[in-house]
Amino acid sequence: MQNYLEFNFKITPLQPWNEILMAELIEIGFDSFTEEIHGILGYIQTELFHEDQLKALSIFENENVKIEYSYEEMPNINWNEEWEKNFSPINIDDKVLIRAEFHESVPGMHEIIIQPKMSFGTGHHPTTHLMIQQMMDIDFTGKKVLDMGCGTSVLAIYAKQQGAGDTKAIDIDEWSVENSKENAARNSVELDIEQGTAENLGKENYDIILANINRNILISDIPTYVSVLNEGGKLLLSGLCFFDVDDILEVCKESGLTLKKKLQREEWVSLLLEK
Ligand SMILES: C[S@@+](CC[C@H](N)C(=O)[O-])C[C@H]1O[C@@H](n2cnc3c(N)ncnc32)[C@H](O)[C@@H]1O
């Protein structure tokens, strides 16, 4: 059981700043939202919250928008049950369906079964969707794959289902590691799952690296990812908003990567790069 804070943000004017605020909040650890008439409610694990980090968000310095907020500690809730109730299947181009065991299966679609638990915030759906969309066009056969920030390991599972060879899944969060182990078993795939960060890398090289995390982590960790990516290998990124793309591409270019494909969904972007 993890403790959560509920933030009540009043935003004037609401549009488009509600979307931009949510994107910035996700980057500092908020993992779900409810949209209200005058703003948004946002939720973050108590242990992840630092007031300084919130106040440093660029949106608070923007003269075109006024944001007021208050917050309170939430009563202890079983978030696994809450998220399970709110988790709906994700349909990617009528080809791939990410669903929980309790959802109906859809004939003709490739399925990935996950138990969302705490490692799957509802705000992350568009980025997961974009990553799978990019992955549908990549040949994974026999490739050595790394899924950084694996969450439920949905991407690592899909890579294995597409014929990937040894696949490693790493997440900083112990809940995600536990959940990934269950999901790998659920989909009958073998993953090497580890709790950690880019600091754990260095011993092995990969043909394809998947990293759906967030702007700041990616900016700091892309050079490490590239150091363990084989020549000609692919790096697939998401967790980015359209306004983060220039900063990310600068780091990618400095690290010797070439942009091959960019996809956008709502304000979210995914980039396919090659070494
Ligand atoms: C947006 S979710 C992506 C989950 C999944 N890969 C997907 O595409 O649906 C980002 C994940 O990255 C993890 N994470 C955050 N910072 C990290 C870091 N520095 N290293 C590894 N994982 C991290 C979070 O715990 C979370 O599970």
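Any Cβ shown, glycine's included, is placed from N, Cα and C.
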Record says Thr128, Gly149, Asp171 bind S-adenosyl-L-methionine. Source is TrEMBL. Which of Asn86, Asn91, Asn212 does it list for that same site?
Asn212
For Thr128 (S-adenosyl-L-methionine binding site), name the DSSP secondary structure in the helix/strand/coil scheme.
helix
Check Gly149 (S-adenosyl-L-methionine binding site) against DSSP and tell me helix, strand or coil, would you?
coil
Which three-state DSSP class does Asp171 (S-adenosyl-L-methionine binding site) fall into?
strand
Max Cα distance spanning Thr128, Gly149, Asp171, Asn212 (S-adenosyl-L-methionine binders), Å?
15
